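Peer 1: Please find one structure pasted underneath; my questions will follow.
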Amino acid sequence: TEVEVTIKNDGSNDLSLLRVGTILDERPVQKMVVVDDAAVGEQLPFQGIELSVYYEGLESKHYEKLAAGSSVSRLVDLASVYDFKPGTYSIVAEGTFPSVSGASNEPASVSFKSKALSITVKESSAAEVKQILSRRSIVITEDCPADKLKANLDGVRNCETLARAAAADAADVHSARFVEYFKSNETEARDHVSGRLLAVAKECSTTDSGDTRVLCQDDLNVCETEGPLIAYTTWVNGYIVMCPLFYDTLPPLPQLCHKQDHATTTIHEMTHARAVYEDKAPATADRAYGYENSTALTSEEAMYNADSYSLYANGKS
C-alpha cells in the first residue's frame, strides 16, 4: 500500500510549493483519495490529522522549489492513514498547493489531479495513526494550565458567536462577501456553508459535552515538528489540539481582516472534525491557506477548505 507520487511543473514559471500540510509533508496528513471499488465508488475514511498553519511564521524553508519543467516525487504510505480490507481500490492524488510563483513572489494556488491507479489489497490492515489515536482516547492525561484553559474556553465561546454570524450572512442571498469567499451565489452552496457553520456553532455552544474535545496537551508531539503550527485535528476521535503558537502569538478575537486568532482558528479546526457535520457532508481539508490562496479556489474546493470558513467568519466578526 505504498504509492509513489510524482508532480511535474508543466508551467513556464518556477514554483515554490508549501510542504506543510500537503502531499509533500511527511506527517500523516491527507494526500490522496482512496475509493473502494466494491462499495460503488465510496471513499475510504481518512484516519490521519489535519494541520493549521501560522501564516506569518512561514519561511522559505517551509517551501519546496519546483523549477519549470522539473518534477518532485514522494512515497506515500496509505496503510498509515486508511483501514483496508481485501479488495480492489482506486487511488487518485488530488488537491491544491499553496505556493509562490516566479520572481514576483505572488501567492498562488496550484491545483493537481492524477489519473486513477488501481491497487489490490490481499490482507486487512488498520491505519497505524488510528491505532495510536484510539489508544490515546482511552486514557487522557490532560493537564492544562489555567491561562491556556481560559484561552480554550473563550475560543470555543467566541467560535459560536462568529460561526452563527457567518452562517446568517451565508444564508443572505444579497451577501457579496459570501461570493467573495465561496465563488458562488447558488442556493446549494449557501445552504452547504450556512449548514456547516451552524453545526460548528452548535458544537461550540457547550464546553462540557459534544463530539469534539479541545486540548492543550500535545501527546503526539505534532506541534514541535517542522512548520509553524498553531493547531491540529485528529479525524479518528475529533480531538483538537492547540499548539504553543496558538497561545503565544494569536489574539482572542479578530483584530484585522485575514489575520488569525483564537476564535477563527477554533472554527477552522471544528470544520475538520468529522463528527461535527458528517451526517450532511464530509469534513473539510486544507486545500489552501490564507486569503489569497483560499479565494483562488473554485466554489467546490472552497466549500471543503477549512480556511475558507475561518477567513469568512473573520470578515463577519
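Backbone N, Cα and C define each Cβ position, glycine as well.
Dumping what TrEMBL says about this protein:
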- E269: active site (ACT_SITE)
- H268, H272, D286: Zn(2+) binding site (BINDING)
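Buried or exposed, and what's around them? Tell me for each listed feature.
Peer 2: Contacts of E269 (active site) defined by a Cβ separation under 8 A and a same-chain sequence distance of 6+ are given as E50, S52, V214, A231, Y232, T233, I240, A306, in order along the sequence. E269 (active site) falls within a helical segment according to DSSP.
Within 10 Å of the C-beta of H272 (Zn(2+) binding site) we count 25 further C-beta atoms, all protein chains included.
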Peer 1: If we count other C-beta atoms within 10 Å, could you say which of the binding-site residues H268, D286 has the fewest?
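Peer 2: Checked H268, D286; of these binding-site residues, fewest Cβ neighbours within 10 Å: D286.
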Peer 1: Would you list, in sequence order, the residues of this chain other than H268, H272, D286 that have their CB within 8 A of the centroid of the site's CB atoms, where the site is the one recorded for Zn(2+)?
Peer 2: E50, L51, S52, T233, E269, T271, T284, A285, A306, D307, S310
